[in-house]
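The feature region 'Disordered' is assigned by Swiss-Prot to 1-24, 383-442, 554-576, 601-621. The region 'Head' annotation in Swiss-Prot covers 2-32. Sequence annotations record features per position, and here Swiss-Prot assigns domain 'IF rod' to 30-386. Residues or ranges marked as region 'Coil 1A' in Swiss-Prot: 33-69. The region 'Linker 1' annotation in Swiss-Prot covers 70-79. What Swiss-Prot lists as region 'Coil 1B' is 80-217. The region 'Linker 2' annotation in Swiss-Prot covers 218-241. Annotated region 'Coil 2' per Swiss-Prot: 242-382, in sequence order. Among the features that Swiss-Prot reports, region 'Tail' is placed at 383-657. Taken from Swiss-Prot, the feature compositional bias 'Polar residues' covers 395-404. Swiss-Prot lists 415-428 with the feature compositional bias 'Basic and acidic residues'. Residues annotated as domain 'LTD' in Swiss-Prot: 429-546. What Swiss-Prot records for 602-621 is compositional bias 'Low complexity'.
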Amino acid sequence: MSTPSQRRSGRGGGPSGTPLSPTRITRLQEKEDLQELNDRLAVYIDKVRSLELENAGLRLRITESEEVVSREVSGIKAAYEAELADARKTLDSVAKERARLQLELSKVREEHKELKARNAKKEADLLAAQARLKDLEALLNSKEAALSTALGEKRNLENEVRDLRAQVAKLEGALSEAKKQLQDEMLRRVDAENRLQTLKEELEFQKNIYSEELRETKRRHETRLVEIDNGRQQEFESKLAEALQDLRRQHEDQIRHYRDELEKTYGAKLENAKQSAERNSSMAGAAHEELQQTHIRIDSLSAELSQLQKQLAAKEAKLREVEEALSREREGGRRLLAEKEREMAEMRARMQQQLDEYQELLDIKLALDMEINAYRKLLEGEEERLRLSPSPSSQRGARSSGLQHSGAGSAKKRRLEDGEGREGREGRTSFSHHARTSGRVGVEEVDLEGRFVRLRNKSNEDQALGNWQVKRQNGDDPPLTYRFPPKFTLKAGQAVTIWASGAGATHSPPSDVVWKAQSSWGSGDSLRTALINSNGEEVAMRKLVRTVIINDDDEDEEDDEVSIHHRHHHSGCSGSADPAEYNLRSRTVLCGTCGQPADKGSAAAASSASSASTVTVSRGYRSSGGGIGEGLLGRSYVLGGAGPRRQAPAPQGCSIM
């Protein structure tokens, strides 16, 4: 017969040097542990069978008259083989179920990876859309700034146009005033020329009058001279000549004085008129030139204003287009964001469902590991009792498996004393956590002794916690509620610890807050902590359930009772499918349905040459005394061998009854 180490060396002949993942290593180690345990169980069963055969031979050699005893032994053997066949069937079904669960687990992991990839892609699309929205908003701000600048320039140009128009009106008034002054000066010039002509005519008239008077005077003098003596004629002529000469001289002086005065007045007025005309003409030319320049500037400003108005209209049209595009982008972004949020909610729900399923599978695996370790301890106890020496490799596998199981859970063992004074009772405490978060802030940690509750902001943005509530409840007890201050804000990536006043912590917000009105958050076996926002909606929750399992052991752990349940269907025991129990110490088969011992000669022998066996192990606990405890654990776990199974014929009826 091949030893377990030889079979393991035959199975482990795979390619060396290929790196294996931790999951694959764990699966291989679990497979080796199961194979090792099955090999040891096979050795143990072979040893039991050999001992039974030796006992039968000894009994036959001692006395031939103990046929009843031999029939009982053969009946026990037949019942054992039948139950072993049923156990193999059960092992096959459980192995298939385990393979199916492993396939479903791998499928769920693949779906989880795919959902994570899709979520990352959707988040990248969302970030791109947000970046594009920011760019469009920046472009809109720049366009608005350019529009405000153009409007300011337009207002400045309009002010300049108004100023230029006022200057043009002022210059036109000055031009009209200059024209009026020119007309007045021309009128004064004409008046002066008329006066000059009048003075010339008066002078000519005075000359004519003086000449007439002179002739009249000469005629009178001539007439008088005729009348005067001849003696005095010369005297009178000389006097007349002198008088005429004086009169002529006076008239000439007066005429010369009038002429000089008239010439001076006319020259001065003419010079003033010329200077005024020159000034008016120069002012009119300057005003006309300035008016032309003003007209040119007004035309250029009007053209520039029309161009600016066209640019403004184009900018306004472009701004309307940008606003419409921005509104469309915002609407698309809102729709995309809503779709992303809906998909994220669906993915969260699916992830939560997958995590729940994975948690169930993990609980099943932990329970399997625990029962494998229990099975190993029971088998080691029986090997020691039967003085079967296990291989060194199996001892190493048992130690490594025990280390893995001890590190897998968070259970604590404690000694308990019951009311009747029983000692040696061993308890195990297990904790189950359930957390859920639908926002940025989640419940990170709760203290079992009621000292604190810790919240953490796992996002990249600050979260305002004003008027938010933290509600703590133990089972059906009244809840304890803490309310945040109105202006409290939890920074991105930071945590806040809310201490009870009895914990002795220091109040240093925003990282540590002391609840002065409450000395403790409360403790118990079912603690539920929830975070509620200002709208009364629950955004985060963490539930912690503590379960204490009491195990009654003897002072020596190697004295545990072992029951091997062989699953089979009874057609004669009220149609029940409960297992029969095989007590390794008493070697008596008990029917799990009716509780009667098996008939040693009531079944045929089955094949016992299989290379591996498959059984279902359940562990019974007792507090004192020997024998099997009545309260066996309800769990049964299957261990399978690597060799080919040989099926025994199924019993048609209850072999015990």
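The backbone N, Cα and C atoms fix where each Cβ goes, and this holds for glycine too.
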The correct DSSP tally for the region 'Coil 2' (242-382) reads 141 helix, 0 strand, 0 coil
By DSSP, what is the split of the region 'Coil 1B' (80-217) into helix, strand and coil residues? 138 helix, 0 strand, 0 coil
Between 0 and 100, where does the mean pLDDT of the region 'Coil 1A' (33-69) sit? 80
